[in-house]
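Here the structure comes first, spelled out in structure tokens, and everything after it is commentary.
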Amino acid sequence: MLRAKSTTNNYDFEVIYLSLMNNIDYFFYNRDKYWYSDRFVLLLKDLLSHFEWYEQNVGKLYDNAPRFDFNNIEGNGFRSFCLIFERCFTDCYRFCKKLINARSSIFFRPQTYLKELENIIDVVSALKPGLQFVFKLLAENSDDQLLTPDKAITAEEVIIECGGISQFGFYGRHQGFYYCTSMKRILQGVSVIMATFSDLYRTAGGPISKAALTILNGLKYILNPELRAEHIVDVAQNSSVEFLKAFWSLSETQFMKQLPGWVCPKMHVREVIFIPDKPVILNNIYSNESVVIPAPTSHIPSAPVRCLLLSAIQRNGQILKKNKRKSNLAPKSKSLLFHCHGGGFISQNPESHEIYLRHWAYDLNVPIISVDYSLSPEAPFPRAIEEVLLTYAWVLKNPDKLGWTGETICFAGDSAGGNVLMSVILKTITMQIRKPDAIMCCYTPLILDIVPSPSRLLCWIDPLLPLGFMISCMNAYAGNVTEGDEYDVESEHALSGRSRKISSISEIFDSSINFLKQNEWMEVEANEPPEKIENVCHEADNYTDFVDSNNYIHEAVKECDKKSHEKNQNPSFTYDEEYIVFDLPLDLFFDVKTKCHKVADLGLSKISDMFMSTSFYQKVISPFLPDIGLHSQAKIQSTYDKKASILQKIRMLKIISKNPFMSPLLASDEILKEMPPVYFLSLNFDPCLDDSITFAKRLQSLNRRVVVDVLDGLPHGFLNFLPFSQEAHDGSNLCVRRLKESCGRNTCSSLFGFQPRTSRECVLKRNKSVILQLGTMRPKLQMKKKRNQV
């Protein structure tokens, strides 16, 4: 596993200078021979000047970064910038060596190397103002505190100071250069998906036209990283909450729902249950008086809370459907894991995090209950806390139904889920009811505000959690409605009553696979259960609304109309209609091209409609898809908040983010003195790193048990990429070890008396006698041979 590495100012700039001068000399003396030599010389000299500046200034950062560490854990926002500079310099050296080896070859591609060199210079030059602002933070943090809300530097100053940082270089050819190799590939794929999805977000049409446009746009962004970077920066800075909800719901598609069953251990218990929306009575741990936990009522009507129960084996007392019950059940588990998923408070559900929860359930060998709390902005703060608190109280009152003895319960949450669970613990302390025995927070934001901090500056270059995304999520959770026109003027006029609902990944990427699915509207609301069995309701069938929309408006049409309007306004081209014999457009090619676009779109829509009307589709394919029907159409939501600036969002956020139940880092010492053991898992390049380090220092000063792990080379949300990265899998294994420690267990032996294999060795396809290892999906030995080896 990659851990945070020691950072010292021992980088050898001389090696970079020698390689740069070698290339400069070569292209300078061959400037008459090659047409591209002058361009290389100019760019290489520019890069050389940047490195001369860094050599003189970066040493101050290296000298001061270690004083902000927590105990012997080498991790904080200042160290993160040290690592970014080191890896940026290393990439520059590798490029220079590659250029030296390739420049004299007959297969040398100067255009490719020039673009790569330009991108490197963009990154190096963009890091300069970032380093200067980090120096300003160093001057303000003389007390060795990373994240203090009441510093002289305001959030507005952070936005203004860093507003001049060019972000294009960090989303192009060198995107995520500071991550491990496996995550670089994953993040590049995510960037292509984001850019493609944003293009199709407002595009109407049938599944075939959607699939065709998905392929074309995807190839466009794969082959042109610069165009992709420009588009992603625009989306990251101006995206609306509706767009974020739709994009982050990609993990809820049919394919992603089936993926855990293919690459993860098999769960003998996987049940969706509903916690009744009725008050639960618990006992005060000090006076034994009754404490009533009320049903959630904030913002939306009260409704049962949906949860997902996972268990590697069936245990006595667990709520199961009758056809799944077995006669030989395992005894109840002494420990239970209580989980809350991430997703920026606005998206995702327990199923989207099942990709790692199954591994945890198998390796820990304990039941896991994951809460599907209501999402913002429909149900903002404190609705999620109310629902999770009610679920926690119900779990304490009904341990038998989960196959749990009621002894040990541990909290675990990633990102926004960790914030909600930490707030629930503060509630249990103030209400004087039973606290969980421990909590583990993975890359969790603990103060929901843009507080000046070195790690928060990483939002400017983070590929998964840009600053615009973070502020939009915070505002949605805080219940602040951003002032501004949420509708794109162009789209509103274009659709004019034929609008459609927001697209999701089902209509884009699933349609590109099978050309079958149509637009999917994912609503966030509490579903009433169809029936109740022992105060617990099993999941009802989920119905998805589909809308047929075939109104596709091209920019070319608008531009053509604009040209025609300008032509009519020009007096020199104004004629009376009676003298016109026939009218040809000034740009005949453009007009023909526009008409071809219209014909192509109409043809794709007709083909799509014809295909869905065939008996093959109706009899064979349609039964496997959700019900399709036409519904009243709502106005299309714009991808961008045209008028709402980041500064406006920050100013609105300040009002409510001071609440300690929203920002647990602001809780008083009297409350934090009662905290259970806390385990933080953070990342070197996570914008929330300083939250964990600062909170850990506070807890340690109050003599509370706290453990901090800082991993290197992984991004925010790495647990969702578990099957595709060995480093992510190693990080998940560390989580398992910490959870075992929090449960007070040295081993994870089964109650039947045998030691289970790790989830990586789990047999996934027993009926086919094939062993599939996690992430490889490669056939191994037959079952009999494998059993003999074991």
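Each residue, glycine too, has its Cβ placed from N, Cα and C.
Fair warning: this is a prediction, and the values are worked out from it, not measured in the lab.
According to TrEMBL, the domain 'Hormone-sensitive lipase N-terminal' annotation covers 18-318.
The annotation domain 'Alpha/beta hydrolase fold-3' is assigned in TrEMBL to 338-479 (among others). When the domain 'Alpha/beta hydrolase fold-3' (338-479) is classified with DSSP, helix, strand and coil residues number 67 helix, 24 strand, 51 coil.
Annotation source TrEMBL lists domain 'Alpha/beta hydrolase fold-3' at 658-719 (among others).
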TODO: Please spell out the DSSP helix, strand and coil residue counts for the domain 'Alpha/beta hydrolase fold-3' (658-719).
DONE: 22 helix, 12 strand, 28 coil
Open item on the list: Need one number: mean pLDDT over the domain 'Hormone-sensitive lipase N-terminal' (18-318).
Closed with: 88
